[in-house]
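Chemist: The structure is given below, and queries will be raised subsequently.
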């Protein structure tokens, strides 16, 4: 038990130190537990074969399929159209939208997809982006509790419930607390956001490419209705100073050597030219399939002005791929909601369908997976196992019961929730759940209570990552574009944390009695 405590403390300290990649920390934890004899070799690496890993990896692919097909960009444009210049309306629509998108893909994916659109919308309305980006991140955290797929933490606690002899949480089980939290989060931001959030202009803003097709058409004097489609598009490149293309004769309409791209136009010094011998600095507008355009980013002969992948996701219209992607997601949701197959199987089928039905390529699917997240979860699962197998969970649970008393289950739940919230500001919410989850189960079993309210309390508390910009990647994502400072988060985050702790302590036991 002592060895496990030392490894746990060191891991938390290294996470907080934030100088070592989290994936390496997780691998170090697994290897340390094996080297000290706390777990077997099979247990040390068993986490990487856990169904939770398969489920999370598949969700990354499904999430990217929605983005690649233009669904999230379309949703963002609807936000712009319906805001009608009102700050309050924009906040409500923004937070409702990001919550729904998060429920289908992930917190980080939803924030990353909507962030550029939100910034540009704020600028168009003459408002400060700093009034909207923290609400974007906080709305995503609340939205992660709407359904099972909202965050890997939901999947983890569901597996912990099964390990404790209970039924897993259903697909919509989380909605019972998630929906009130989404509504409460929106209400808090609408009422207190204008006073608690700063009004700042960031040094740099992310590029908005939603109207880029029209701009390119004007620049090169081309019809804009033919430039961007769901399967084909354009990208602007510049001949690099040491390019092998220098001295090569080219002309508009010429097919490139690869055979899959066409030179739509050539400009030199801002002026259109016809047949010419290329020199360094010439701008070429290339047209072809998005897959072929993506290859230009790794071509040393040219400098890509705007990444084709980003242009496609923001500016290309939704086509047949979008309808297919939506159908795949709805099918996955149906399988998860009915429990017809295990969650990992449902997600894996959806991920495979995204590739087989050509919503995305195999390469895009590989690139969409956050391997750092998978390594973090796989490496930390052995620690969760060790906390239980060495009796550490029982010991810590006993200490909490002694400190609080076994007569008041609400106080026990409050103690677990507060510890989870504090730890969640320092390390990832997934790592927090892996550490606190087994302790919550042990507390419940030691006192004869149901593990379900304890585990759901951990889930809600793990989502309350509001107090610092480093608590989650989503918080970090909006830090620069919003021009925030470190202390800006806790002002609005504190009342939201109180809301989440209250829901975890008092509302959760209503739906999952002790």
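All residue numbers here begin at 1 and follow the chain in the order shown.
Using the three backbone atoms N, Cα and C, a Cβ is placed for every residue, glycine included.
Annotations for this protein, taken from TrEMBL, read as follows:
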- 13-461: domain 'Citrate transporter-like' (DOMAIN)
- 48-69: transmembrane segment (TRANSMEM)
- 90-120: transmembrane segment (TRANSMEM)
- 132-157: transmembrane segment (TRANSMEM)
- 169-192: transmembrane segment (TRANSMEM)
- 324-357: transmembrane segment (TRANSMEM)
- 369-392: transmembrane segment (TRANSMEM)
- 412-445: transmembrane segment (TRANSMEM)
- 452-472: transmembrane segment (TRANSMEM)
- 492-512: transmembrane segment (TRANSMEM)
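I'm curious about the neighbourhood of these features; can you describe it?
Modeler: Long-range contacts of the transmembrane segment (48-69) within the same chain, counting only residues at least 6 positions beyond its ends with a Cβ under 8 Å from a Cβ of the stretch, are 104-106, 109, 113, 149, 152, 155-156, 159, 230, 312-313, 318-319, 321-322, 324-326, 328-329, 332, 342-344, 347-348, 350-351, 354-355, 359-360, 364-365, 367-370, 373-374, 377-378, 381.
Sequence-distant contacts of the transmembrane segment (324-357) (same chain, six or more residues past either end, CB-CB distance under 8 Å): 51-52, 54-55, 57-59, 61-62, 65-66, 68-69, 71, 104, 147-149, 155, 158, 170-172, 365.
Proximity of distant same-chain residues to the transmembrane segment (369-392), defined by a Cβ-Cβ separation under 8 Å and at least 6 residues beyond the stretch ends, is recorded for 1, 4-5, 7-8, 11, 21-23, 25-30, 33-34, 38-39, 43-48, 50, 52-53, 56-57, 60-61, 108, 152, 156, 428, 430-431, 434-435, 437-439, 441-442.
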Chemist: Counting only pairs 6 or more apart in sequence, are there at least 3 Cβ pairs under 8 Å between the transmembrane segment (169-192) and the transmembrane segment (132-157)?
Modeler: yes
